[in-house]
């Protein structure tokens, strides 16, 4: 089942146990639209959404970023192996993300995608337990395909939160994972084409020779600067589904036990050693059984500075519904980065959920829960408008 949820700055999908109606009044400012189960009716000046008044069973649930259907279906099947998904949320998230790694989802998850400046693919991944607040993560993982499973081993077999680089690979070998090349003919061709085009775009600044026309090697500019003025818009990097894409997944059982996880091969043509938001708790994902969870995707270099997943969960802790929480998680970024691109999913512990996006044409995401009308698994889509930085907040 596919639902298109309108065009606006923020389009939010929310399931709830009981509703009457919602009215969103238009104004000269960009407006917020919300969509619920049920039919909508549009009139001049007002968008009225009739909600489903019946009580809907929302849990258990699996929700993930992007149209990664196979990952969601597998996670849902694993979650349902026990009644109500009890004690299966970790297995569901790890196996769901692992499925995407194996399928090389959009070539932005798993091996054979997003080569760095040297042509190598490295992986980042994280698993977070909302009951214990324990986290296992890996970053810059080399020569190991199973990033999310290595992250699980960090969680279950160490007292650390994150392992990185070659040392993370050595840990993976000790845990029984085999080393193998993450480079494929496709990723090699991608890198060769990039170098043939003078390494454009790249992530360097304030260096010489000019990084906008040269591959380097680079050195710092000799003139010291007190503040660097960026002369390259972030949207020049083509951030979106085919770059900076991450699978972020949340699984919740009927007792509101929550796990969240992420996996990615990072930004295409990144400087070697770069780590994005995906393996950072509070940035790529965050989970707390007392509140809910959130996962993010987009420009990780920017997002990790603001911890949007943590902001969304803390907004729900303060009593805000997922729709407002998702906005709040991204609004902080927009204060400083008007050319930012990204999306955020927020889910409360009861299974109510919302998605917010900015700067992309649209943001699809997958949901599996008993609330589906044509089966448990459905695709939902958010349409976004770039270049806007103000929204009207509607009380839900």
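Backbone N, Cα and C atoms are what each Cβ position is placed from, and that goes for glycine too.
The signal peptide feature in Swiss-Prot is assigned to 1-23; the stated evidence is sequence analysis.
Residues annotated as disulfide bond in Swiss-Prot: 100-105 (among others). According to DSSP, residue 105 (disulfide bond) sits within a helical segment. Just so you know, the Cβ of residue 105 (disulfide bond) picks up 27 other Cβ atoms within 10 Å once every protein chain is counted.
Sequence annotations record features per position, and here Swiss-Prot assigns disulfide bond to 199-215 (among others) based on similarity to another entry. The Cβ neighbour count for residue 215 (disulfide bond), using a 10 Å radius and every protein chain shown, is 17.
For residue 246 (active site, nucleophile), applying a Cβ distance below 8 Å and a minimum sequence separation of six or more within one chain yields 65, 108, 109, 262, 263, 264, 276, 277, 278, 284, 296, 297, 300. Positions annotated as active site, nucleophile by Swiss-Prot: 246.
Positions annotated as substrate binding site by Swiss-Prot, on the basis of similarity to another entry: 274, 275, 276, 277, 297, 298, 299, 300. Around the Cβ of residue 275 (substrate binding site), a 10 Å sphere holds 21 further Cβ atoms from the protein chains shown.
DSSP gives residue 384 (disulfide bond) a coil state; it is part of no helix or strand. Here Swiss-Prot flags 357-384 (among others) as disulfide bond.
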Which residue, of the binding-site residues 276, 298, 300, has its CB surrounded by the fewest other CB atoms within 10 A?
276
Can you grab the distance from residue 274 (substrate binding site) over to residue 215 (disulfide bond)? Cα atoms, rounded to a whole Å.
17
In Å, rounded, how far does the Cα of residue 199 (disulfide bond) sit from the Cα of residue 299 (substrate binding site)?
19
Hey, which of the disulfide-bonded residues 100, 199, 384 is the loneliest by Cβ count within 10 Å?
199
Residue 299 (substrate binding site) has how many other Cβ neighbours within 10 Å of its own Cβ?
25
Tell me the coarse DSSP state (helix, strand, coil) of residue 100 (disulfide bond).
helix
